[in-house]
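**Q** Please see the structure below; I have some questions.
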Amino acid sequence: MNSILDLQSVNKTYQSGGRDLTVLDNVSFSVETGASIAIVGPSGSGKTTLLGLCAGLDRASSGSVELHGTKLNGLTENQLAALRNRYVGFIFQNFQLMPTLTAIENVMVPLELRGEKNVRPVAIDLLDKVGLADRSHHYPTQLSGGEQQRVSLARAFSNQPQILFADEPTGNLDAETSEKVIQLLFDLNQQAGTTLVLVTHDLDLAARTQRIVRIKGGKIVSDARV
Amino acid sequence: MAWRDSRRSRSRLLLFISSVILGIAALVAIYSLGDNLRQNIDTQAAALLGADLEISGNQPASPKIKPLLDSLGEDRSEERRFASMVYFPKGGGSRLAQVRALEGSYPYYGELETVPVSAGRSFRDSRHALVDQTLMLQYDAKVGDSVKVGEVTFLIAGTLLKAPGQTGVSATVAPAVYIPLRYLAQTGLEEKGSRINYLYFFKYPPKTDVERIAKGLESRLDLEDLDSKTVESQKESTGRSFEDLTQFLGLVGFIALLLGCVGVASAVHIYIREKLNSIALLRCLGVKSSQAFVIYLIQIVGVGFLGSVIGAALGAVIQQFLPLVLKDFLPFALITEISWSAIGQGVLLGTIISILFALLPLISVRNIAPLRVLRASFESAPASRDPLRWLVYGLILAFVFLFTYLQTDSWLDALVFTVSILGAFLLLLAMASLLIWLVRRFFPSSWSYVWRQALANLHRPNNQTSILIVSIGLGTAFICTLILVQSLLLKRVTLSTSGNQPNIVLFDIQSDQRDAVLDLAESQGLPIIQSVPVVNMRLEKVNDVTPAIAQKDTSNRVSRRIFGREYRVSYRDTLTEFEELKRGRWEGTAPANGPVPISMEEGFAERNGVKVGDTLTFNVQGALLTTVIGSLREVDWNGVRTSFLVLFPKGVLEEAPQFHVLLTRVPSSEGSANFQRAVVQRFPNISIIDLGLVLKVLDELLEKIGFVIRFMAGFSILTGLIVLISSVLISKYQRLQESVLLRTLGASRKQIFSITALEYFFLGALAAATGIILALAGSWGLAKFTFKVDFEPQFLPLLLVFLSVSGLTVLIGLVNSRGILSRSPLEVLRQEA
């Protein structure tokens, strides 16, 4: 099977207090198209940095990151943005909805940024799938946490991404709501055949993916299929 | 605790308060100006009057009073002042000027400022004249050229820069030409019927109680219709008129301060919202709600005080420039000094008012529950239900009212101002909300995402859109109203001279000159649009009420003001199409016996408490004439024509000393100059008003007034822009979050830049539109009800204002948002990590 994401000998160092701080140390792994993978590890282990590099939100200090067949190293910020818009979907712990837009407008953003017209039906369809068709004209502040995350899910799938990055998607939700959102995430993922990269503390959640990569001190300590 | 809590937010707190800095600066500058004016008037009052005592009247001193006038003071001067045409033979130009024929050493204090300096004294020795610099410039005249006044040609000995009591504005309206009094008779301008002011100046030895002398003369002068002025009374009247000016400017400055305060209230509101968790934590740790309130109150008092001190310091600097702004209105060179009382008032006012406005959001601190620490979504009771909130609103209104009362010294004015300011704010707010709603409601959904996102951004949580629109809109409204009214006034005068309306008025035509002048006009092919006789008279009695009785008995229905004036009346047998009979009966011919039935203008009669049937006794240059009010007329005063408060029937005044007024229309400015030259050369006593010149003078005058208003409107706009800067910086974190999220979702730098620029464009455009619409509405009202002209505003200047205000808003918004574009999208993850 082809890999959609491929990391080779990736290092990431930051300057901190005049010293180099290595956050990721020689990380290599690849993800097959359509697979689901969880990156787990304790706080400060480098999970979020790794996710940022994979999604083209940050640049590696050395090594190579290839997303959907494109090497990210040499791309400009605008080229990276275009790539994300075309192939990547995101789900965040804090939902990250635009507070000034309604639910449906938030779902439409990735498509509209691309310059697509008549995207409202697509957004309505997605909101319907996440059970929020009747709340499409509500602003984020008028929605509960679970509802906001469902809008965020609809947005993540709106541009039919090849790969979905989810950063602690249930971190801010109670157990019951978490379960509903996760179920929805996996169902949509399955329907769309999207690759899923999940960063989480929650081992139960990680166990629902096909593969778990454990990271500690910036190094991959295990990489196991579930 | 307040000090420690503020540690990380001091610069932000100061930013909130920065919106009041300009308001305080404006007020301190204006108060300092007021103080400086008072001091300058005190020290320069003698130079304003030029003498210790001035006695004036509009008739020559009678033989009864002459000996008295000759006995006053240790030195005496005499001046006759009247409007007359002056003619510049070199260029052939002529213009109406104020001729001042002077004898004696006046001014005793200060100087007639001239170039060369010596001309101010030496011109009196021979057939020389001093000509105001505006006239010299207009007719390209030089010292050494000649100017003809009446029948006499004078050598121009000097350019007059300033005479005692004269301002730039008065020189524009009536430029002065000084000549020696002994040549006045030769000019032939001292004819009967001419309106001449007779002034007598007296110098007393130092330490003489001139005030007491003037008081002692009062009753005798009253009998002769003479007025007196002393240095002290001059001080009072000059002080009073400048008090009005500083009061007006003070209130405009106060509006700028109030706008800034609304900005403070909304900024503190955001500050407190950001501090909610810290406050809840403090409450968990045992801080009482009142203690939490005091912690933040102390912070606000601190920055309010600091902001006011900075504002006061800035005001002290601005004050140095105010004399430049007002130079055309000041009759003396203003020497500025730092006024500590003004600075003290500014600091006190700024501190109190920032606390009052910050109290609105601050009182909600008392209601923050400690439970918030555990549950972020815990909702406090809605603030509007807090009774203290209404108390704070009340305090603010009471403060505005009290402040205005202290400024105006009138409860009614204070009430009107407070209600008006509240109404204006609410109106602007309603207008702003309506515009925002309309734009949102009708914004085409087919427009690109960038446009829609920019518009949606105006509604981000904790936005300050409304207050920004109100403050920038108010400044725009000031400026646009000024532009519109200016063009309305000019149009009003232009209209008066368009079509077949007269554009030249000749007056002071003596009876024996009338036919010759008519012939002259006809020989040049000019139409005689109107030719009317005018008789000057004074009112001696209304029924049995004399001026002395009216003065003493204020309960009398007849106003004493009715006596104080000279009446210029006309006589004819019909009413014109511009007059409408409202009461009584108009009689065109006087009956052979009994009192003469006259007609009075309705409004004038009402203001002075007289009605149909009242008997009025006039003094027609010595002869008493008994009349009765037979009718009241409504007069349309608009347009260039002769209209009269009092109109006589035919058959009474034909033989009285009189002059004539002629109205004609000259098709071109060249024709006008030819006609004026011909008239002035043949009939030097005749004065001419050229409407073209009036238009020019009006334009200059409006420009001067406009400068002051623009200066004050500038404060309001600047305050709006500072509120904008503070609002942009306050919301910067949120903007960063939004743009980083958009970057993450794939937005390009260009898209984010466009969204940011368009957001500020919408803000500036909505504010400018709010101001322009209000200005249009106000000017429409003025056009329809006051000036009674069709309202056809010029849209080009308004468009320029619109573009400037919007452009400035975009510029300031973008400059303060810099850095947003360069943030890495990774921050969207880091915020959560």
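From the backbone N, Cα and C atoms, a Cβ is placed for every residue, glycine too.
These came from TrEMBL, pasted as-is:
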DOMAIN    B:14-218  domain 'MacB-like periplasmic core'
DOMAIN    B:251-370  domain 'ABC3 transporter permease C-terminal'
DOMAIN    B:711-825  domain 'ABC3 transporter permease C-terminal'
TRANSMEM  B:12-34  transmembrane segment
TRANSMEM  B:248-272  transmembrane segment
TRANSMEM  B:293-322  transmembrane segment
TRANSMEM  B:342-369  transmembrane segment
TRANSMEM  B:390-408  transmembrane segment
TRANSMEM  B:414-439  transmembrane segment
TRANSMEM  B:467-490  transmembrane segment
TRANSMEM  B:707-731  transmembrane segment
TRANSMEM  B:752-783  transmembrane segment
TRANSMEM  B:795-815  transmembrane segment
**Q** Thinking of Cβ pairs under 8 Å, which stretch from B:248-272, B:467-490, B:795-815 has the most of them with the transmembrane segment (B:752-783)?
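**A** So the stretch in question is B:467-490.
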**Q** May I ask you to check whether the transmembrane segment (B:12-34) and the transmembrane segment (B:390-408) make contact, with contact taken as at least three Cβ pairs under 8 Å and only pairs 6 or more apart in sequence counted?
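**A** These two segments do not touch.
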**Q** What average pLDDT is reported by the model for the domain 'ABC3 transporter permease C-terminal' (B:251-370)?
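**A** Averaging the confidence scores along the domain 'ABC3 transporter permease C-terminal' (B:251-370) gives 80.
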**Q** Is the count of Cβ pairs under 8 Å between the transmembrane segment (B:390-408) and the transmembrane segment (B:467-490), pairs 6 or more apart in sequence, 3 or more?
**A** no
**Q** Quick check on the domain 'ABC3 transporter permease C-terminal' (B:251-370): DSSP residue counts for helix, strand, coil, in that order please.
**A** 99 helix, 0 strand, 21 coil
**Q** Quick one: do the transmembrane segment (B:467-490) and the transmembrane segment (B:342-369) have at least 3 Cβ pairs under 8 Å, skipping pairs fewer than 6 apart in sequence?
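**A** No, the transmembrane segment (B:467-490) does not contact the transmembrane segment (B:342-369).
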**Q** Sequence-remote contacts (6 or more beyond its ends) of the transmembrane segment (B:342-369), Cβ cut-off under 8 Å?
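**A** Result: 17, 20, 23-25, 27-28, 31-32, 34-35, 257-258, 261-262, 264-266, 268-269, 271-272, 276, 279-280, 283, 289-290, 292-293, 296-297, 300-301, 303-305, 307-309, 311-313, 315-316, 319, 378, 380-381, 383, 386, 388-389, 392-393, 395-396, 399, 403.
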**Q** Which residue counts does DSSP yield for the domain 'ABC3 transporter permease C-terminal' (B:711-825) in the helix, strand and coil classes, in that order?
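**A** Going by DSSP assignments, the domain 'ABC3 transporter permease C-terminal' (B:711-825) contains 95 helix, 0 strand, 20 coil.
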